[in-house]
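> Provided herewith is a single structure, encoded as C-alpha cells, for subsequent inquiry.
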C-alpha cells in the first residue's frame, strides 16, 4: 500500500498542486513571523550596542521616584539634570578608561526636507546631538562620517544616512532645522552612518559642533546630558563601571553599555510585539481557509479513486490500510508544502526586514536567525492541518463497501450530512451564546467572548452549510434555468447534487469575506464615531499644534486672540507623569486647561460634580477612566508631575471627550506648582466667521513652519487616517486568504471536470456545444462565488455590528454599515466566479468527445 500510495501521488501531482500551495502560504506566515521575531530578539542587542559606549554615565533618572513612598534618589530640587565638563574630564582619567566624551542629546530638533516640509518620524523622536566621534562599546566603531566631514562650528551639521536619503539633501546644501521656537538654517557638511549596522530606530538625527549643541539644547554652557566612557583594551564593561561609580558624585549613575542596549532592545521589541501576533493570526486564517481547499481536493480525488481503492480492498487490503494510504498522500503534501512554506517564509522575513529599513531601523547587516523551534512548529502546523483536513475524506472512503465503490456513482450516506448539520448547528449555537454573553455581560475582556463566538459561528455555519444552503442552491437552479434554459438548469443541478463539495468550496470564500466585511464595518464605524465625537465636542473652527507634538510659547495664543475675526482661543497643555493607585505606580498623561476653556471650546460635559473653576490641586476625570479605577468625587489621586509629587482632589467627572487626550484634567496653576514651564501644546481657535483671510492671518502669527494650523475637516481627516491605514493593512492580508479561496474554486472546478469527463463527453455527444459547456462551468463557479459572498457578507454584517456593540464603552458609539463597499465585495465575488471558471471551462471544452465517453 505504501508503494501504491506514492505511485498514486505521483500520478496526481498536478491535481494536488493547489492544495500544496495553500499549505505553502499558511506555513510561510508562521515561519516568516518566527524567523523575523527571532532575528529581532537576537539582533537588537547587537544592533543597539553600536549606539552606546562601554559605560554610560548620566544623572539618576526619576524611575525610582514614585508618587507614593520615599524616593531612593535626591529630591527633585537637588537632583542634577546635566553633567559638568569637569566631571567628564575626571571620568577620562579613571583607571581602565581610555577616554570619556560628553554627549548632548535632545528630542527637539526637527529636520525639514528639500521642499521645506518637516520629516515625519512615525512617532519616533527628532534627535539633535553634538558630534563626538566617540567609539561605541566593545571596540565597535559606532557612528562614522561616510561622506563629507564633521561639523566644526556654527551653521554646520551632520545628518545620518537614512535622514539624508529621506530628506533629499546633499552635502553642501542648506538644511532648515527647527530647534525649539527657532528656525536655524545650516549647511550639511557630512553624512554619518553606523559602521556595524546600528540604527536610530526610525528617528531623525542631526549633529552640531559641541559648543553649538550646548547652546541650542542645554541651559548652561560646558555641560552635557550624559557621557560615554571608553574602556582600555582588556578592561571589561563591568570593571570599568565599578571604577567609574566610585568617583561619581551623588545624583549620578553608571551603567554598562550592554545594559543600556538590552533596555533599548527590550523596549523596541515590546513596542512591535503586536506585529508578531498580527501575522500569526493571519497565518491561522490562511491555514483554515486552505483546509477547506484540502478537504475538497482529497474528497474529489478519493471519489475518483474509489474503484481503485475498492480493488485494493478486494485483494485483501484492510480499511485501515486504505485510509492510511490516503493519509500518506496528505503527509507528503504537508511535508512538501511546509518545506516550500519555510522557504517562502524566509523570503517574507527578508521582506519585512527590508520594510523596517525604510522606517529607519536598518537590519540589513543582521543575519536571519533560524531557531529549531521555527522548523518544528512550521512542519507540525503544515502537516497537522493537511492530515486533519484529509482525514475526513479518508475516513469516509473506508466506510464505502468494495462492491458499492465499483459502481460508477458513489453516493455519500445521508446520515453523515445530518450528523454534520447537527454538529454545526450546536457549534454555531454555542458561538451565539458566547457572542450574546460578550455583548450583555458587564465584564472585562468581553471582546474576547465576542471574538470566540464569531469564530465558533463561522466554523459551525461551515459545517452545517451543506444542509443550510440547499434552499439557495434550489433557487439558483430554477433562476439560472429560467434565464439560460437547459445550460443554466444543468449548472444549478451540478451544484445541488453535491452540496458538501459546493459549500466546502464556498466556505473558504465565506470566511475571507466575512472577516473583510467585519473589518469594513469596524473601520467605517470607528471613523463615524470619530466624526460624531468631534462634531459634538469640537466647538472651534481651527486647531494649532506642533507637527511633532512639542510645546510652543504661550505668546502665540496671545497673538492669535488679537487677530481680527478671532473670537476666542482655548489652550491645552499636556505632560506625562505617574499616578499611584492601590500602591501601584503607572504612567499617566495629564491635561491642563483654563476653566473658561473647559466650559467653552473644549466643551466638557459634566457627569457629576463640577468641571469649572478648577483651583490648583484639583482635577476632573474622564468617565471611563474614573469607572475603571473606582474613583469618584471626593477621592484624592497621588500624582507625579515633572518629578514633583502632587495630590489632586477629584472634584468632578466628565463624559469622555476626544479633544482631551489625557483624562486627568487639572488647572494650569497645578502645572506651574510642579515647576513646568509655561508652554502650550494644543490651541482650539474660534473665529467669528471662518474664511481664507482669517486662516492666512493665523498662519502669519504661527510663523514657525513646525507649527500646523488645521480647520475642522483637516483635523478630522488626521484623526481618521490611522483607522484607514489599519483597515488597509488588514485588507491586504485578508487578500491572501481570499486568493486561497479563489484557488479553491479553480481547483474544485478543475477536479470536477476530470471527475465528470464521461458525463461531459455524453453531453457533447447529444448536442451541447463548446460555448454552452463553458457557460455551464462558469455558472457553476458563479453559484459557488455567490453562495460564499452571500454567507460571508451576511455573517460579516452581523459580526461587525456585534463587535462594534461590544466596543461602545471604548467610545465607539456609532455603527456604520458601508453599503457601497459591501456591494463592491459582492461584485468582486461575482467577477471571481467568472474568472475562476476560465481555465476549467477551457479544459472541459477541449476534451475529445469520443475519448471522454470511453473514460471509465
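Note that Cβ sites are derived from N, Cα and C of the backbone, with glycine treated the same way.
Annotations for this protein, taken from TrEMBL, read as follows:
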DOMAIN    17-246  domain 'MacB-like periplasmic core'
TRANSMEM  278-303  transmembrane segment
DOMAIN    281-402  domain 'ABC3 transporter permease C-terminal'
TRANSMEM  324-356  transmembrane segment
TRANSMEM  376-394  transmembrane segment
TRANSMEM  421-441  transmembrane segment
TRANSMEM  447-469  transmembrane segment
DOMAIN    502-685  domain 'MacB-like periplasmic core'
TRANSMEM  503-522  transmembrane segment
TRANSMEM  726-754  transmembrane segment
DOMAIN    732-848  domain 'ABC3 transporter permease C-terminal'
TRANSMEM  775-802  transmembrane segment
TRANSMEM  822-841  transmembrane segment
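Show me how these features fit into the shown structure, please.
Summarising model confidence by region, the domain 'MacB-like periplasmic core' (17-246) averages a pLDDT of 83.
Note on the transmembrane segment (421-441): residues 447-468, 802, 805-806 of its chain, located 6 or more positions outside it, place their CB under 8 angstroms from a CB of the stretch.
Tertiary proximity for the transmembrane segment (503-522) is limited to same-chain residues at least six positions away from its ends with a CB under 8 Å from its CB atoms, namely 285, 288-290, 292-293, 295-296, 299, 454, 458, 461-462, 465-466, 469, 727, 730-731, 734, 737-738, 740-742, 744-745, 748, 784-785, 787-789, 791-793, 795-797, 799-801, 803-804, 815-818, 821-822, 825, 829, 832.
Across the domain 'ABC3 transporter permease C-terminal' (732-848), the DSSP tally of helix, strand and coil residues reads 99 helix, 0 strand, 18 coil.
Counting only same-chain residues 6+ beyond the ends of the transmembrane segment (775-802), those with a CB under 8 A from a CB of the stretch are 435, 438-439, 450, 453-454, 457-458, 461, 465, 469, 472-473, 476, 480, 484, 487-488, 490-492, 494-495, 502-503, 505-522, 525, 741, 745, 748-749, 752-753, 768, 815, 817, 822, 825-826, 829-830, 832-834, 836-837, 840-841, 844.
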